[in-house]
Amino acid sequence: MMVVVDLRDVPGDRHGGVLEVELKGLGFSFTIEAVLYSPFPRSRFSIIGSGRPLRQRGKDTSITIGEERNENIFLDKRGKWRVSNPKKLSRKRGGSLRGRGWKYGSGFVDGVFPVLSPMAQQILKFVQRESDAAKIWASLDTLPPTHNLWDDLINTSVQLRLNKQWDPIVSVCEWILYKSSFHPDVLCYNLLIDAYGQKLQHKKAESVYLQLLEAQCIPTEDTYALLLRAYCTCGLLEKCEAVLTEMRKNGTPPGAVVYNAYMDGLLKGRNTVKAVEIFQRMKSDRCRPSTDTYTMMINLYGKANQSATALKVFDEMKTEKCKPNICTYTALINAFARDGLCEKAEEIFEELQEAGHEPDVYAYNALMEAYSRAGFPFGSYEIFTLMQHMGCEPDRASYNIMVDAFGRAGLHEESEAVFEELKQQGMTPTMKSHMLLLSAYSKAGNIPKCELIMNQMHKSGLKPDTFALNSMLNAYGRVGRFEKMEEVLTAMENSRLEGDISTYNILINIYGRAGFLSRVEELFQSLTSRGLKADVVTWTSKMSAYARKKQYKKCLEIFEEMIDAGCYPDGGTAKVLLASCTADEQIEQVTTVIRSIHKEARNVFDI
C-alpha cells in the first residue's frame with residue numbers, strides 16, 4: 001500500500017505545524033511534524049513513502065502508530081505490518097566460506113559482508129600495517145592450521161577487497177597457495193586473480209588461473225569474469241576473446257556475469273564502441289542481459305550526452321521484464337541531468353519512488369545536478385533541503401553540486417556560503433570543491449578572490465590540477481592580464497601537469513577576442529606537437545577570431561578544414577559563420593552549406 005502526501009495541498013499555517021492524516025477504513029492515523037514553509041518555488045513532484053518513518057535531521061522519527069513505536073516495523077505492499085529481519089551474518093555456527101563461491105564485482109561473499117572474529121581482526125590490522133610479504137608469511141607460519149584460521153584468512157581477504165587493498169590480499173592468498181598446508185579452493189584463486197588484475201599484472205593473473213587448472217579446481221563463471229577483466233583493463237582484447245573461446249570449449253557458454261565483466265573493463269578503458277558491440281553480441285548469443293548490464297549501457301549513453309538513447313535502453317529493459325534497481329534509475333536521472341533536462345529527470349525520480357525505492361543521496365544528487373545544468377540553482381537548493389527533511393544526509397558531492405550550481409548562475413557569494421557550510425559540517429573540501437569555487441569567481445573576473453583560493457589550496461596541501469589552472473587562465477584573460485596568463489601557461493609547461501584541449505581553447509578564444517591573430521595561429525599549430533586534437537570548440541574559437549574582423553573567406557576556409565578533419569559543426573559554429581557575413585548572398589551561402597553538412601554528416605554522438 002502506498003501513501004502519497006503532497007504538503008502543497010495541505011491547508012493551514014504555511015510556516016510550520018503538525019499535519020494529521022487519518023486513513024479511513026483502516027482504523028489508524030499517524031502524525032507528521034514537518035516544516036511546511038520554503039522560500040523557494042514548490043517542486044512539481046511529491047515524495048512517495050511506503051509506510052516507513054519519515055526522519056528529520058537531528059530528530060527522532062515523528063510517526064506514531066497507536067502508542068507503540070518501533071523502527072523495525074514497516075507496512076508491506078499487501079498492507080500487513082511486518083518486522084524487519086536483522087542483517088545476515090556470514091559467520092554462522094559451524095559454517096565456513098570454504099568453497100561457497102564469490103559474487104563477482106560486488107565485494108560480497110555469498111551476498112553478505114564478512115564478520116571478522118577477534119583473531120581475524122588482528123590479522124587484518126597486521127597485514128594492513130606490514131608491507132613486507134616475508135614478515136607476513138613468517139607470522140602466518142606461527143598460527144595453527146585450523147578450520148577457524150581458514151575462515152579468518154578468507155574473511156580478512158574479502159574485507160581487504162572491500163577496502164581495495166590489493167597488496168595484502170596477494171600476501172595472504174599466496175601464503176595459502178605456496179606455504180600453508182591448506183588446499184586452496186576456487187574462492188582463494190578468484191581473490192588472487194582479482195588482486196593481480198587490479199594491479200594491472202595480467203601475466204600473474206593468468207599464471208594463477210593455470211595453477212587453478214593444474215590443481216584440478218573447477219573454474220567458476222566468476223573466475224573467467226575476473227580473468228577477462230584483468231586482460232581488458234590492460235587493453236588485451238585479443239586475450240579477452242580467447243577467454244570466451246576457452247569457456248565455450250569447456251562447455252561453459254559465457255553468461256551475463258562474464259559479459260558484464262567484459263563491458264565493465266571496456267568502459268573503464270573508455271572503449272565505448274567495443275562495449276556497445278559486446279552488448280549487441282550478448283543479445284545475439286541469446287544471453288539475457290541483467291539489471292547491471294542495462295545500467296552500464298544507460299551510464300554509457302548518459303556520459304555521451306545521449307539521454308534519448310539511454311531512455312530507449314531503459315524502455316527495452318522493461319520490455320524484457322528486467323527489473324530496474326535504484327542504480328538504474330539514478331543512472332537515467334544522471335543522463336538527463338547531463339543534458340540539463342530537469343523535467344525528464346523529475347519524471348524518472350518520481351518513477352523511482354513509485355517502484356518502491358527510497359531515494360538515496362546519489363538519486364538526490366543526480367536530480368540536483370539536473371537543475372544545476374538547466375540553470376536553476378534555487379531548484380537545486382530546494383532538492384538539497386528536501387533530502388535533509390526526508391532524513392537523507394547530504395555528502396560532500398551534494399555540497400559540491402550546490403557550489404557549482406550557484407557558480408554557474410554567477411551567484412559567487414552564495415557559492416562560497418555553501419563552501420563554508422561544507423567545512424562547518426566537518427567535511428574537508430577536496431580539490432574539486434576548491435576548483436568549483438575557483439571557477440565561480442573566475443567567471444566573475446574576481447582575480448583577488450581567485451588568487452586567495454589558490455593560496456588556500458596550497459596551504460591545504462592540494463596541488464592545483466589542469467582544471468584549476470585553466471580557471472586561472474580564464475580569469476586573467478577575462479580582465480586582459482595576458483602577462484599573468486602566459487606565466488600560468490609557462491608554469492604548466494614546466495611542470496608535469498600538461499594542458500588539455502580546454503587549456504588551448506581558452507587561450508585561442510581569449511587571444512582571438514583581443515585580435516591577436518598571429519598568437520591564435522601559433523597556439524592552434526602547436527596542438528599536433530602536444531598530442532592534442534582540435535575539437536569543435538577549438539575550430540569555432542579560431543574561426544571567431546577572424547569573424548570579428550569580418551574576414552568571411554578566411555572563416556569559410558577554416559570551416560572547410562574543420563570538416564576535412566572529421567570535426568562537425570554545432571550551433572555555435574553556425575552563429576560564428578553568420579557573424580562573419582557582410583552581404584545577404586554570403587548569409588544564403590552559409591545557410592546552404594550548414595544544411596548540406598548536417599544532411600550528409602553522421603551523428604557525431606553515435607557510439
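From the backbone N, Cα and C atoms, a Cβ is placed for every residue, glycine too.
As annotated by TrEMBL, domain 'PROP1-like PPR' applies to 380-507. Residue counts for the domain 'PROP1-like PPR' (380-507) under DSSP (helix as H, G, I; strand as E, B; rest coil) come to 96 helix, 0 strand, 32 coil.
Averaged over the repeat 'PPR' (185-219), the predicted model reaches a pLDDT of 90. Marked as repeat 'PPR' by TrEMBL: 185-219 (among others).
Counting only same-chain residues 6+ beyond the ends of the repeat 'PPR' (220-254), those with a CB under 8 A from a CB of the stretch are 101-105, 186, 189-190, 193-194, 196-198, 200, 202, 205-206, 209, 212, 260-262, 264-266, 268-269, 271, 274, 285, 287. Residues or ranges marked as repeat 'PPR' in TrEMBL: 220-254 (among others).
Sequence-distant neighbours of the repeat 'PPR' (255-289) (same chain, 6+ residues past either end, Cβ-Cβ under 8 Å): 104-105, 221-222, 224-226, 228-229, 231-233, 235, 237, 240, 243-244, 247, 296-297, 299-300, 304, 317, 320, 322, 607. Annotation source TrEMBL lists repeat 'PPR' at 255-289 (among others).
Sequence-distant neighbours of the repeat 'PPR' (290-324) (same chain, 6+ residues past either end, Cβ-Cβ under 8 Å): 105, 256, 259-260, 263-264, 267, 272, 275-276, 279, 282, 331-332, 334-336, 338-339, 341, 344, 355, 605, 607. Sequence annotations record features per position, and here TrEMBL assigns repeat 'PPR' to 290-324 (among others).
The repeat 'PPR' annotation in TrEMBL covers 325-359 (among others).
According to TrEMBL, the repeat 'PPR' annotation covers 360-394 (among others).
Taken from TrEMBL, the feature repeat 'PPR' applies to 395-429 (among others).
Summarising the annotation, TrEMBL assigns repeat 'PPR' to 430-464 (among others). Remote same-chain residues near the repeat 'PPR' (430-464) are listed as 396, 399-400, 403-404, 406-408, 410-412, 415-416, 419, 422, 471-472, 474-476, 478-479, 481, 497 (criterion: CB distance under 8 Å, separation of at least six residues from the stretch ends).
What TrEMBL lists as repeat 'PPR' is 465-499 (among others).
According to TrEMBL, the feature repeat 'PPR' maps to 500-534 (among others).
Residues or ranges marked as repeat 'PPR' in TrEMBL: 535-569 (among others). Outside the repeat 'PPR' (535-569), and at least 6 residues removed from its termini, the chain residues within Cβ reach (under 8 Å) are 501, 504-505, 508-509, 511-513, 515, 517, 520, 524, 527, 576-577, 579-582, 586, 590, 593-594, 597, 601, 604.
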Residues of the parent chain within Cβ reach of the repeat 'PPR' (500-534), under 8 Å, 6 or more residues beyond its termini: 466-467, 469-470, 473-474, 477-478, 480, 482, 485, 489, 492, 541-542, 544-546, 548-549, 562, 565, 567
